[in-house]
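S.K.: Here's the feature list from Swiss-Prot:
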- 1-8: topological domain 'Cytoplasmic' (TOPO_DOM)
- 9-29: transmembrane segment (TRANSMEM)
- 30-379: topological domain 'Lumenal' (TOPO_DOM)
- 86-107: region 'Disordered' (REGION)
- ARG129, ASP201: substrate binding site (BINDING)
- ASN167: N-linked glycosylation site (CARBOHYD)
- CYS168-CYS179: disulfide bond (DISULFID)
- CYS197-CYS260: disulfide bond (DISULFID)
- ASP202, HIS314: Mn(2+) binding site (BINDING)
- CYS364-CYS373: disulfide bond (DISULFID)
Amino acid sequence: MLKRCGRRLLLALAGALLACLLVLTADPPPPPLPAERGRRALRSLAGPAGAAPAPGLGAAAAAPGALVRDVHSLSEYFSLLTRARRDAGPPPGAAPRPADGHPRPLAEPLAPRDVFIAVKTTKKFHRARLDLLLETWISRHKEMTFIFTDGEDEALARHTGNVVITNCSAAHSRQALSCKMAVEYDRFIESGRKWFCHVDDDNYVNLRALLRLLASYPHTRDVYVGKPSLDRPIQAMERVSENKVRPVHFWFATGGAGFCISRGLALKMSPWASGGHFMNTAERIRLPDDCTIGYIVEALLGVPLIRSGLFHSHLENLQQVPTSELHEQVTLSYGMFENKRNAVHVKGPFSVEADPSRFRSIHCHLYPDTPWCPRTAIF
C-alpha cells in the first residue's frame, strides 16, 4: 500500500517537473503593440466588459462610475488616461491629427527657398496694391515671391528681380486669368521647388504660418490646401466633345484667399496644366483659373481639397478674425463686404485713414522689429 502510494507520488512529481520545464523553454508571447496597450488601458478605465461609454465621450470614456472603478484618485485617472491615449495614438507612420481635424503627415524640414509664392497682379495695381505688399510681407522673403503681371514696370523690376511678364491680357476675364495661372504653373515646375502657392495682390501672407502649415505635409504627396468660398461643390458643364456636355461637381479653393499645391500633385496635373493645356482645360468648363485648378485636382485626379480656415479672402467678414490669433493665419485680405469696408480689426500705430487695408498694422504686430514700425506701438 505504501509502496503504491510512493510510486504515484513520484509519478506526479515527475509530471509536474516536466510541465514546468516545458513552460520555461517555450517561446514567450510577443509583447502587445503600443496601440494595443493603449486600448487595453482604456478598456481597464472603462470598467468591466460591456460597460457603455457616455454619449459624446467616445470609446475612450465610460460612465463615471465605471471610470473610477479601478483608480483611487482623479490625478491617477487623468495620468492613466493621458498615458493610454498616448499609447493608443496613431499607428507607426500614420499622420497626427491637428486641432482642425485634418489628418496631416509627419512634418518635414522646410526652408523659404522650398516655396514658390506666385502673386497675380495687373499693371494698373502696381502702385495701389503691389507697393504695399513689397513694403510689408514680401520684404521679409523676396526669394520666395514671384510677381506675375501683364505690363513692364522698371521701378518694380528694380525693387525685386522676380517679376514675370505673362504676355496675357490686362482684362479681368476668365481667359486672361487662366492665361496668368498657366504661366504661374509652368514657372513653378521649372523652379524645382517643393510647394506652389498662389495669392492675389490684395492678400497679406504670414510667411511663418505658411511654412508651418506646409511643413505639416510631405511635398511628395497629393496636397491641395485652401479655403472654398462656396458652401457646396460648384457645378459646371464639362464639354466632352463638340456637341456633348455633362455636369460635373467639385470643390475648389478660392484664389482670393490663396491656396497651395504640393509638387507631387502639381506633376500629376501636367497633362491638363502644362504648356497650353491649362487654357484648353479651362475652356472645357468655361470657368476662371481657380475653378479650373479645382476641376483638375478634384474632378480629374480625384484628390480632395483640404479645407483650411487659416486662409482668408475679402469675400468673408474679416473683422471676425481675432487679433489674438493673427499669428496663426496664413493669408489675410481687405476690400468690401456687404457694401462696407472689410478689413481685419486690429489696433496699431496707424489710423484707419493712414492704413485702410490694416496690412501695415498687421505687419508691425507680426514683425515689431521692422524699421518703420513705431517702437511704442500698442496692439
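Note: Cβ is positioned from N, Cα and C throughout, glycine not excepted.
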S.K.: Which has the fewest other CB atoms in a 10 Å radius around its CB: CYS179, CYS260, CYS364, CYS373, the listed disulfide-bonded residues?
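M.R.: So among CYS179, CYS260, CYS364, CYS373, the disulfide-bonded residues given, the one with the fewest Cβ atoms within 10 Å is CYS373.
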S.K.: Within 10 Å of the Cβ of ARG129 (substrate binding site), how many other Cβ atoms can be counted across all chains shown?
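M.R.: The answer is 20 other Cβ atoms.
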S.K.: Of all the recorded positions given, namely CYS260, HIS314, CYS373, which is spatially nearest to ASP201 (substrate binding site) at the Cα level?
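M.R.: For ASP201 (substrate binding site), the spatially nearest of the recorded positions is HIS314.
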S.K.: List the residues of the same chain that sit at least 6 positions away from CYS168 (disulfide bond) in sequence and have their Cβ under 8 Å from its Cβ, in sequence order, or write 'none'.
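M.R.: ASP150, ALA176, CYS179, LYS180, VAL183 - these are the non-local Cβ neighbours of CYS168 (disulfide bond), listed in sequence order.
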S.K.: Compared by Cα position, which of the recorded positions ARG129, ASN167, CYS260, CYS373 is the closest one to ASP202 (Mn(2+) binding site)?
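M.R.: Of all the candidates listed, ARG129 is nearest in space.
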S.K.: Out of ARG129, ASN167, CYS197, CYS364, the recorded positions in the record, which is closest to HIS314 (Mn(2+) binding site) when you go by Cα distance?
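M.R.: With Cα distances computed to HIS314 (Mn(2+) binding site), the winner among ARG129, ASN167, CYS197, CYS364 is ARG129.
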S.K.: At the Cα level, what's the spacing in Å between CYS373 (disulfide bond) and CYS197 (disulfide bond), rounded?
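M.R.: Checking the Cα atoms of CYS373 (disulfide bond) and CYS197 (disulfide bond) gives a distance of 28 Å.
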S.K.: Taking the topological domain 'Lumenal' (30-379) alone, what is its mean pLDDT?
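M.R.: Summarising the topological domain 'Lumenal' (30-379) by its mean pLDDT gives 83.
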